[in-house]
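Here is what TrEMBL records for this protein:
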TRANSMEM  20-47  transmembrane segment
TRANSMEM  381-401  transmembrane segment
TRANSMEM  421-440  transmembrane segment
């Protein structure tokens, strides 16, 4: 009985402390973060909805192919014959449950101009090599495509190395190069839409898009969906953006041939992240990045995506902030690091406080404490009610944007299986919001202190923002990639560790001297 009284005393003290002016500020700040996110998703859904309305109006006006182009006259042979040549470069790693579907959606594009596909693998031992080779043999008379073995990277990440090998092997008359991740599921008109914008505005440096995550049901998959959703509003501008996603980037081929703005050398000489490097170059040279409203791509997540694989993915995402190409870029990354960490914990702290307020109120109700002894709880419950209302508005706005993007994807791919909101679990979405924002600062700090990352069995070490050392081992790293669950072709890799074990090891390593410190 005495122990429960001590618990009650501690709980009431905590609830009282959470009713102080500073704590009230933190809780009101959390409500404002929810409302700002909700507003961003409302604006993003407006842009996507406007595109849906445009396509429907075009269809009613007689354009049955509005999902391909704005003007049906663009399908005339005279127009199609003058379309520029595009080379699609896809760096591959591993083979998973969704790859064949994604690759088919890419090579069966309805772009009417000259088009080639370059699938780049590290070696013939990669499971992707044989899988994509079999797929291309089925389309050999209909598609200009080839598989290229790039070999091992020595000065940059393997993905960037594969991309640059693809650029070296593209057709000499290629005007635009489109970099795609192998987990991107294209719409029939995606390449045409991206190319049309490049032709319309030659000042565009990069055209980009963003994925619509389709969670598989696990908490890890919902955490990834929640991680991407705040970023999605930056891509739903219908035009200029400062964001860049490495999974879909269309650029001028001559920028690589001539190494304009240091594009080639910036990536090749120590580059870790393709999109962060190119975004930094765009910012340094005041170049234009745009994202057309139709550039949203279904991204099914692996059915067995565990929480530990989500943690590995988050580690890789936070690690990109440790790479930079200039002092200005370093400053911007530090600012982004600080702001994101502050807002993440500023978002989660009010929920912890709300749990304390509710627990205190329940104990008061159960034990029948005198009202004058617990008057502070009413203030706490008022803050809880405000947070609950703001959270509902935020979740509703997220649901609405997802609904609009699902609808847009269904219109853009009329031949594909219909996407649906029915599989989304919004209780798990809420849990994922809290979990992801709580873990982000931990992952970011871990990345900052380690300066190394294991990416699909390859450990990269950074120095002054660039890769300076690459370690490879067949026994190093996971059997599967994080999001797509693609098998990497390793034998005898160690068993997958639990998330808690991984996190504990990460925390322990903070205090250890680094083996490669100079």
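Glycine is treated like the rest: Cβ placed from N, Cα and C.
For the transmembrane segment (421-440), the residues of the chain that approach it from at least six positions outside its boundaries are 214-215, 217, 219, 222-223, 225-227, 311, 314, 318, 340-341, 344-345, 347-348, 351, 391, 395, 398-399, 402-403, 406, judged by C-beta separation under 8 angstroms. Long-range Cβ contacts of the transmembrane segment (20-47) within its own chain (Cβ-Cβ under 8 Å, at least 6 residues beyond either end) map to 229-230, 232-233, 236-238, 293, 343, 346-347, 349-351, 353-354, 383, 386-387, 390-391, 393-394, 396-398, 400-401, 404-405. Beyond its flanks by at least six residues, the transmembrane segment (381-401) meets 19, 24, 27-28, 30-31, 34-35, 37-39, 41-42, 44-45, 48, 229, 232-233, 236, 350-351, 353-354, 357-358, 361, 421, 424, 426, 429-430 of its own chain at Cβ-Cβ distances under 8 Å.
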